[in-house]
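Here the structure is laid out as structure tokens; the discussion comes afterwards.
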């Protein structure tokens with residue numbers, strides 16, 4: 001049997017195994033190192049600080065946990081959030097992230113390593129990304145082999161779609177959730193393969209951790225039943241499946257109900273019904289198997305048909321009835337928006353207003369996954385070729401996650417792992433094929449049997465030629481040699497051998513030139529991928545911090561700050577001041593109240609502000625330096641959300657011009673010009689241009705020369721680039737006048753003469 | 001807010017203990033203002049100080065330190081470095097049209113915001129002060145229209161009117177003789193902060209010309225159905241105004257009522273006018289001697305506890321206590337005051353969830369207390385006392401306190417309603433034990449058979 005290149009022959013199998021496992025360990029640790037290091041750019045370039053919005057809340061909650069202990073955290077009522085409603089934090093969050101940091105903090109302190117809780121929070125996400133790489137390795141190893149696992153680990157370690165959510169300082173639930181997701185899936189596959197109740201329990205435990213950490217746990221809750229259902233429908237029911245699923249469902253559900261925020265949801269909401277239904281189905285199927293073992297097959301057929309129909313009808317009736325009676329909560333709005341992308345915009349603007357909940361744009365698939373997105377289908381096809389139970393899982397996962405990632409930008413994150421796994425399978429098959437030194441034997445026998453082969457095994461001959469993952473045909477002898485040798489290459493290949501099972505013969509690659517061409521090309525792709533992944537830009541505009549520290553230093557501790565909800569967590573975290581609404585958008589009415597205040601005129605807004613004890617109003621304005629994520633651009637959402645609650649007072653069309661344009665210049669409609677948001681954004685803006693035409697750089701429109709005036713608010717602070725503007729709400733006039741005339745008096749304007757009030761009607 | 005009250009009250013109690021004997025020794029010679037003794041008198045040079053010798057003499061006798069200044073002089077400034085230099089300012093410059101730079105309507109209003117009290121005199125002329133009056137919801141008749149009354153018949157001109165003092169009003173001494181008045185009346189706007197001291201006689205009206213002979217204006221206005229007519233007892237002659245920050249400003253329709261001449265003028269044979277006592281009463285109110293209240297401190301705690309909690313749990317029973325004092329000008333100290341019968345306490349989150357009477361505690365002077373059940377609603381609540389009555393200091397106190405849901409270990413441990421669940425858990429456990437026992441102790445044949453079946 002010819003070899004394309006010679007292999008050392010004087011190595012004992014033990015040496016080969018040991019060396020390869022050593023190399024694997026080294027490779028894994030390097031991958032972990034790379035995963036961590038690539039997330040530390042921000043810390044090295046700037047400083048160790050929490051980013052963005054949600055992480056600030058998580059950080060604040062973690063500090064409470066670290067300082068006051070778990071029970072205080074559990075019972076934490078935050079009076080500064082959602083002022084004056086307050087927020088029962090302990091019962092409305094997924095505590096997994098904070099608990100993780102708390103445990104790490106306490107362990108380190110028990111070891112006399114006085115690490116600041118902030119640094120733990122900042123570095124948690126990079127740390128867990130290394131664990132994610134490892135769990136992806138374990139998962140992919142179950143799919144194909146170690147070499148594919150290493151590739152998958154490397155991919156997930158630096159995939160931009162995951163990096164963007166787990167850089168140092170983005171201390172968010174997703175940071176640990178992806179690790180938990182992958183590890184739970186790994187445990188599930190392991191449990192399914194071995195039929196071990198131990199691994200089933202392990203799946204349940206990590207499922208519980210996942211439930212405690214991220215609302216996206218519903219993905220697992222539905223993925224595993226879907227997989228189990230698919231296996232049952234494919235006629236692959238086995239006691240292994242039964243044991244794995246039952247132990248996962250029973251323990252996992254009970255455990256998940258211990259999280260206060262989840263509570264009775266697993267038995268009350270539609271999202272969890274699939275898991276319950278499949279659990280029931282498995283019991284029935286298992287029972288049917290038992291019956292089949294005891295009765296003749298003819299009787300069994302009739303029993304089966306009868307009972308299946310009866311059970312299906314009963315189950316559907318029960319489900320419908322319970323939903324109708326309100327025992328099972330109907331699907332939530334967030335869930336509907338997964339099926340109908342227009343749903344949220346129509347009925348729940350608050351969900352649609354989050355940029356993360358928008359449908360994904362096509363380029364972001366490439367930006368987030370680069371060439372993996374092209375390998376992804378190839379990997380899925382390769383899974384079809386073998387189609388063991390775990391491959392079914394990957395296929396289902398791929399289909400479901402692709403759909404969801406297309407619906408919501410945010411769910412890109414759940415797609416990333418499966419893309420990495422599938423791409424790794426495809427890529428490693430490619431490498432296996434082209435690294436395999438065995439060359440096909442050219443003989444008449446081979447030519448003869450080629451026809452038979454096409455007839456017998458057409459998928460093998462037609463599939464995946466483009467990816468170069470065609471099964472490497474080897475003779476039986478060559479196969480033996482290959483399986484002994486291939487592990488020495490460091491990309492140990494069991495699958496190549498498995499593939500070659502189907503055709504004992506031979507199609508393959510001749511010579512070194514083709515090999516090196518393809519391998520070089522593939523390595524080039526990997527290189528570009530790495531370059532793409534490290535191309536991460538970080539914008540930190542200091543205006544935010546400047547403004548939040550101004551609030552912290554210059555306002556009383558209990559001064560209530562009103563802003564749009566996006567900035568609630570940041571104000572609470574960085575400025576430490578009570579806020580009206582924040583990123584935990586649980587109370588639509590309260591948000592609509594803020595929306596109404598922002599979109600109404602001063603006279604209407606002022607009583608709202610006073611009623612809520614608002615001392616300062618904060619707006620984000622990007623018109624000066626062209627920061628497009630500012631409040632004027634979000635303004636229509638405020639209007640829409642307010643309109644949802646007060647349709648008589650706020651109407652979206654009033655904020656557009658006659659032609660339906662969104663304008664801020666002279667042509668802006670009166671409702672727009674009188675709105676508090678407009679006034680606060682453009683107050684004194686035109687003065688900045690010293691008589692020249694003022695231009696809003698975001699909207700590219702000319703701002704009126706005589707800017708708006710404010711009577712009920714006064715400017716308190718404007719940051720360097722005018723991004724953050726803070727206004728103080730005036731108190732009632734001490735003389736009992738309305739603030740408008742009080743202001744006119746201060747400016748020396750003459751008041752109109754008035755006559756005594758007529759106390760009685762004139763008698764004519 | 002609370003802390004401020006508490007500290008102040010502790011300080012005051014200490015001071016009270018220290019000062020009481022001293023004050024007693026000093027005697028009860030004069031009354032004092034609760035805010036300070038320094039008074040700036042802006043006296044127009046055209047007015048002779050000697051004409052007001054009794055009025056100013058009375059003030060000095062009360063212990064006020066008067067500083068005189070002409071409106072056009074630059075010194076002494078009323079506000080220096082954003083700090084008010086005097087506790088009270090009397091503006092006796094009814095005809096002055098131009099003032100020094102530091103005196104403008106705006107600066108006078110800012111004085112009020114710095115808790116300086118004002119006593120302002122008006123005249124029939126149009127001056128900056130007249131335009132300021134409009135800011136206080138006073139509606140003045142057009143320039144040159146003094147108050148005129150032809151009743152009762154007397155030997156003085158129609159513009160010099162004896163006015164019956166109000167009866168049954170706590171701000172002015174009772175049983176005063178009629179008060180001589182000459183000047184402009186003020187119609188009152190809808191502002192609830194206005195405190196009229198002296199109402200015009202029902203027969204009086206404001207009319208063109210300093211000396212009214214006919215009644216043309218009256219007839220003309222009557223033909224219009226009373227529109228634009230400044231007439232009758234709805235007009236006020238001396239009007240107090242208490243700002244939201246509790247500074248007081250009093251508008252006097254004419255400066256003549258403070259002159260020695262009017263003080264000594266007889267209203268009827270052998271009966272002196274009530275002007276002197278009335279002037280005393282008006283300055284006492286204006287300079288915050290009389291009707292000055294304050295909340296010393298507020299306390300709140302759970303029933304059967306003494307210290308306040310950081311947070312309360314829903315459905316707690318909570319006691320709220322306020323201590324209120326009234327200023328005693330004779331002794332120059334604050335005394336506990338228990339005579340408020342209609343005060344209310346609100347427990348508010350956005351809207352008052354509880355509004356209840358806050359009655360005085362019998363036997364404990366100055367203490368007002370109420371016990372109530374916290375509503376079954378968590379959130380950031382406020383104890384709000386908002387007591388505003390005409391003429392006396394506004395009492396306002398806001399104490400923020402979060403109301404939280406019960407802690408995880410404050411719920412009942414055992415629920416009889418949960419018996420089905422307990423039974424389910426117990427029976428499942430028992431069944432499991434029995435099953436295991438049967439399985440382990442059972443026949444060997446059974447599992448073998450099962451295995452065989454599976455192998456098929």
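Please read every residue number as a count from 1 along the shown chain.
Note: Cβ is positioned from N, Cα and C throughout, glycine not excepted.
Nobody curates TrEMBL annotations by hand; they come from automatic prediction.
Source: prediction; values computed, not measured.
Sequence annotations record features per position, and here TrEMBL assigns transmembrane segment to A:21-44 (among others).
The feature domain 'Oligosaccharyl transferase STT3 N-terminal' is assigned by TrEMBL to A:23-422.
Residues 58, 61-62, 65-66, 70, 73-78, 81, 114-115, 117, 120-121, 124, 171-173, 175-176, 180, 209-215, 259-261, 584, 586 of the same chain lie 6 or more positions beyond the ends of the transmembrane segment (A:88-108) yet place their CB under 8 Å from a CB of it. According to TrEMBL, the transmembrane segment annotation covers A:88-108 (among others).
What TrEMBL records for A:120-140 (among others) is transmembrane segment.
Sequence-distant contacts of the transmembrane segment (A:146-163), counting only residues of its own chain at least 6 positions beyond either end whose CB sits under 8 Å from a CB of the stretch, comprise 20, 24, 27-28, 31-32, 34-35, 38-39, 129-130, 132-134, 136-140, 178, 182, 367-370, 372, 412-413, 415-417, 419-421, 423-425, 427-429, 431-432, 490-493, 495, 529-530, 532-534, 536. Among the features that TrEMBL reports, transmembrane segment is placed at A:146-163 (among others).
Residues annotated as transmembrane segment in TrEMBL: A:175-191 (among others).
The transmembrane segment annotation in TrEMBL covers A:241-261 (among others).
The transmembrane segment feature in TrEMBL is assigned to A:273-291 (among others).
Within the same chain, residues 270, 273, 277, 280, 284, 288, 291, 295, 330 sit at least 6 positions outside the transmembrane segment (A:303-324) and bring their C-beta atoms closer than 8 Å to a C-beta of that stretch. The transmembrane segment feature in TrEMBL is assigned to A:303-324 (among others).
For the transmembrane segment (A:365-384), the residues of the chain that approach it from at least six positions outside its boundaries are 143, 155, 159-161, 164, 391-392, 394-395, 398, 405, 412, 415-416, 418-427, 429, 463-464, 466-467, 469, 525, 528-529, 532-533, judged by C-beta separation under 8 angstroms. Residues annotated as transmembrane segment in TrEMBL: A:365-384 (among others).
Residues 143, 185, 188-189, 192, 219, 222-223, 226-227, 230-231, 234, 236, 337-338, 341, 355-361, 364-365, 376, 379-380, 383-384, 415, 418-419, 421-422 of the same chain, all 6+ positions outside the transmembrane segment (A:391-409), place their C-beta atoms under 8 angstroms from a C-beta of that stretch. Annotated transmembrane segment per TrEMBL: A:391-409 (among others), in sequence order.
TrEMBL lists A:558-610 with the feature domain 'STT3/PglB/AglB core'. For the domain 'STT3/PglB/AglB core' (A:558-610), the model's pLDDT averages out at 91.
The annotation region 'Disordered' is assigned in TrEMBL to A:742-764.
Under the heading compositional bias 'Basic residues', TrEMBL lists A:749-764.
Where the transmembrane segment (A:273-291) meets the stretches A:21-44, A:120-140, A:175-191, A:241-261, the count of C-beta pairs under 8 angstroms peaks at A:241-261. DSSP places the residues of the domain 'STT3/PglB/AglB core' (A:558-610) in helix, strand and coil in these numbers: 32 helix, 4 strand, 17 coil.
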